[in-house]
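Have a look at the structure below before the remarks.
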Amino acid sequence: MRSLASDTPLMRQYHAIRAQHPDAVLFFRLGDFYEMFDSDALHVSTLLGLTLTKRNGTPMCGVPVHTARTHIARLLKHGKKVALCEQVSHPVPGELTQRKVIEIISPGTAVEDDFLSQGFSQYLATVCASDATVAFSYLEVSTGAFFITSFPRAEAADALQKEFGRVQPSEVLLSASVLRSLPELAAILSLYPRLVRTTGADALFNPEHTKNRLHHCFRTRNLDCLTLLPHSPDLAAAGALIAYLEETTRHPLSHVSAITRYHIHDFVEIDDATRKNLEILQNLHDSTHAHSLFETLNYTHTAMGTRLLRYWLHHPLRSQEEIQKRLSAVVFFHHRPHILKTLRATLSCVRDVERLVARVALEKAHGRDLLALKESLRAILTFRSLERESPFPPDLLPSEGDTPVLQELYGLLEQSIKEDCPVTLSDGNLIKRGFSASLDELHRVRDNANEILKQYLAEERERTGIGTLKMKYNRMLGHFLEVSKGHLSAVPAHFIRRRSLSNADRFTTEQLSELEAKLARAREGLVSFEQELFADIRRTVCSHTQLLRTNAARVAQLDVLQSFAHAALQHGWSQPVFIKDGALRITGGRHPVVELHLPSGEFVPNDLTLSSSEHAVLPRFALITGPNMAGKSTFLRQTALICLIAQVGSFVPAEKAELTPVDRIFCRVGAADNLARGESTFLVEMSETAHILRAATRDSLVIMDEVGRGTATEDGLSIAQAVSEYLLHHVRAKTLFATHYHELSRLAHPQLEHLKLDVLETDNTIVFLKKVTPGSCGSSYGIYVARLAGLPESVLARACELLKQLQQRAGSAPRASAAHEADAVAQTEAVHAHKAASKPCAQRVSADLFTQEELIGAEIASLNPDAITPLEALTLIARWKRSLRGSATQQSSAMTKRKG
């Protein structure tokens with residue numbers, strides 16, 4: 001290998017190319033390897049676990065060309081960019097091979113499956129600003145989806161934070177000037193440490209430059225049709241994205257055919273804290289989609305549908321008309337389960353048409369991509385047959401005008417592409433026999449050459465007398481003759497030895513070399529012609545890019561709507577009814593996720609009625625008290641989720657739900673330290689609370705849990721009451737406010753309702769009923785919950801003593817519930833060990849609604865038999881017998897009175 005000293009021509013070439021791409025890892029092609037040098041080698045070898053070597057003091061590492069895609073994908077997941085530098089001239093001895101970067105791959109510019117996550121969008125976003133307006137735009141090059149919005153400069157900080165949280169781009173393209181003019185942007189970006197940031201030259205955002213790029217991309221001189229506002233940052237934002245992507249992909253973006261303009265107020269505003277607390281797309285435990293709302297709703301069968309479902313969950317609708325359009329389609333499928341079943345089976349045959357079409361347009365599609373497109377077209381064409389039984393809702397199936405074109409494309413791909421074609425185009429074997437007469441002729445020549453090789457082998461067998469003489473082929477030697485060790489003495493002089501093995505030797509001859517050269521020329525001609533035909537087929541498909549993208553979008557929407565219908569059938573959900581009186585009425589509401597992970601029938605449904613109207617007799621503020629573990633947080637979250645699910649356009653987990661669309665959903669439930677930003681739990685809690693008080697409107701839904709818990713009791717109580725009063729008197733939003741500050745129960749207002757989570761106390765046992773009823777709860781039963789958590793009995797006893805002392809100092813007698821707790825500690829021999837928690841949800845409502853037998857049954861259901869001793873079990877049985885005898889006596893007495 002030539003010297004790698006920095007003054008060699010090769011290294012000068014490397015450094016010159018590297019300087020053009022300072023923010024990317026340069027994959028520098030050297031023969032069958034991509035090499036990395038200097039700082040790239042040091043960094044990548046550590047990141048990917050590659051072997052680091054040195055040549056003439058220069059650090060280097062490399063990966064084979066055939067495994068490079070795997071390593072590039074790993075780098076992208078680490079948030080890196082890769083500049084792919086290829087050899088663009090044939091190597092000539094003594095001359096430096098020409099090289100250039102043919103593509104820049106980054107999380108926001110990737111288009112090939114190896115570099116993408118199925119079901120996830122990977123957007124490239126940008127921000128541009130003028131003195132009065134800020135534009136936010138994002139584009140997914142792998143599908144062609146392109147969006148833009150703008151807002152007044154004064155609203156930029158809040159609006160940008162919401163949009164970055166909602167869109168969650170993979171990469172952001174910014175100019176240095178916008179970072180200077182929007183100092184708040186740096187703080188927003190710091191919230192997303194994994195977001196790849198690319199700094200573009202200010203010239204990239206120049207209005208004239210971007211306008212020309214847009215004219216070229218959309219093939220129009222009139223940009224009004226693109227919904228871009230003249231004399232605004234819109235042009236710079238949209239044009240910069242197009243320009244940057246054309247530079248990185250080294251190809252026109254013919255599949256990007258429209259820009260969707262939206263207004264941020266078209267959708268329900270959900271901030272990052274609320275999105276996290278409601279576990280909409282990922283859970284709080286390990287940040288996966290397990291046990292999330294997304295998992296509960298996701299019965300999609302296509303990658304396109306999965307991405308659209310994520311988008312819809314990030315963008316709940318505010319328009320009743322738009323929500324109703326979706327609901328009408330869900331109702332259609334919900335009421336026709338036989339059609340739904342057939343539709344779901346057909347959708348399972350549809351591949352990722354959006355990304356397939358993008359690769360076709362960017363000339364990156366291979367034979368198997370076109371086969372996947374063919375199978376998808378076949379499935380899409382069968383959708384129309386489902387309409388024979390019942391007309392589908394509009395805009396979900398291919399139009400009658402599109403059908404002939406789709407059939408024509410399907411026919412072209414069916415006739416042309418071989419089912420077993422390879423991924424690599426240079427391997428050939430792409431096109432079916434019979435598609436092209438010229439190609440068939442080349443096949444005939446190649447096949448004849450094979451016959452000639454067979455004839456030559458027969459002649460050599462006869463000439464040498466070696467009946468076991470074989471002809472084989474590999475990439476290293478080409479065609480060769482193989483002679484076993486036992487026949488080497490019969491090898492003639494014109495055999496030229498190529499390789500010796502343990503059991504055979506390999507030879508060639510001048511005649512075989514000539515025949516092989518003829519075969520190679522025929523094969524090269526055939527592969528070259530196949531590639532030309534394939535390129536023609538791909539161009540034909542590309543000419544219908546817009547039609548294919550339109551129908552792919554319809555399929556994605558169809559997939560999500562059928563997913564909603566299937567979820568409703570699976571989970572027993574009902575159709576929400578939208579009203580305009582500002583009310584929220586939920587009957588038998590359930591938590592969509594918690595319910596599914598409990599045994600069937602165990603979740604306790606609850607009702608709720610709220611209104612934001614000033615003149616309504618209905619409450620708009622519900623103050624909720626109840627013990628720990630009683631189900632307050634579940635009730636709070638399920639209310640928010642029911643509203644969100646309804647405004648996405650789905651059925652909801654309730655017997656009945658009537659609601660007026662909300663404009664914002666806030667959910668402040670729990671908090672944690674933000675150590676990286678130097679913020680304590682209480683500061684995080686207060687920051688979230690302040691945001692809600694500033695941003696909530698009368699049309700919002702506010703969920704707040706345990707405000708003020710992170711500081712001293714007096715401070716926390718004061719803050720909780722002040723926040724409650726502000727929400728009630730000034731914000732006037734529909735509010736659920738859960739608290740352990742039972743002193744707040746004295747609050748009164750015509751539109752304030754006190755709700756509590758019921759608790760059943762029987763002798764020495766406490767059962768959390770999970771049922772929401774009017775009234776206030778006098779205790780949090782903290783010591784009882786501490787017992788369930790397994791605190792030592794001595795600690796529990798001491799806690800009861802201290803509780804009594806604290807209450808006596810406060811000048812009040814211990815509450816009845818506190819006495820029960822102390823009594824429970826004192827009677828440890830008569831009570832089972834509460835080390836194992838009761839079932840999280842039990843189907844019980846209130847003590848006065850149950851017979852003694854049912855109450856005992858509830859207590860038995862809450863027991864963990866592995867956690868009680870035989871003596872404790874006998875004690876329990878004795879108590880139950882006494883209770884049953886007492887119950888029988890009461891019933892007998894009641895019967896006697898009635899007869900009398």
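Note that Cβ sites are derived from N, Cα and C of the backbone, with glycine treated the same way.
According to Swiss-Prot:
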type	residues	note
BINDING	GLY626, PRO627, ASN628, MET629, ALA630, GLY631, LYS632, SER633	ATP binding site
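Projection of Swiss-Prot feature records onto the structure.
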residue: GLY626; record: ATP binding site; Cβ contacts under 8 Å, 6 or more apart: LYS632, ALA738, LYS756, LEU757, ASP758, VAL759, CYS777, SER780
residue: PRO627; record: ATP binding site; Cβ contacts under 8 Å, 6 or more apart: LEU757, VAL759, ILE766, PHE768, CYS777, SER779, SER780, TYR781, GLY782, TYR784, VAL785
residue: ASN628; record: ATP binding site; Cβ contacts under 8 Å, 6 or more apart: HIS740, SER780, TYR781, GLY782, VAL785
residue: ALA630; record: ATP binding site; Cβ contacts under 8 Å, 6 or more apart: LEU757, ASP758, VAL759, PHE768, LEU769, LYS770, CYS777
Ranked by how many other Cβ atoms lie within 10 Å of their Cβ, the binding-site residues MET629, LYS632 are led by LYS632
Determine the minimum-neighbour residue: among GLY631, SER633, listed as binding-site residues, which Cβ has the fewest other Cβ atoms within 10 angstroms?
-> SER633
Neighbourhood of the ATP site (GLY626, PRO627, ASN628, MET629, ALA630, GLY631, LYS632, SER633): other residues with Cβ within 8 Å of the Cβ centroid, in order?
-> LEU757, PHE768
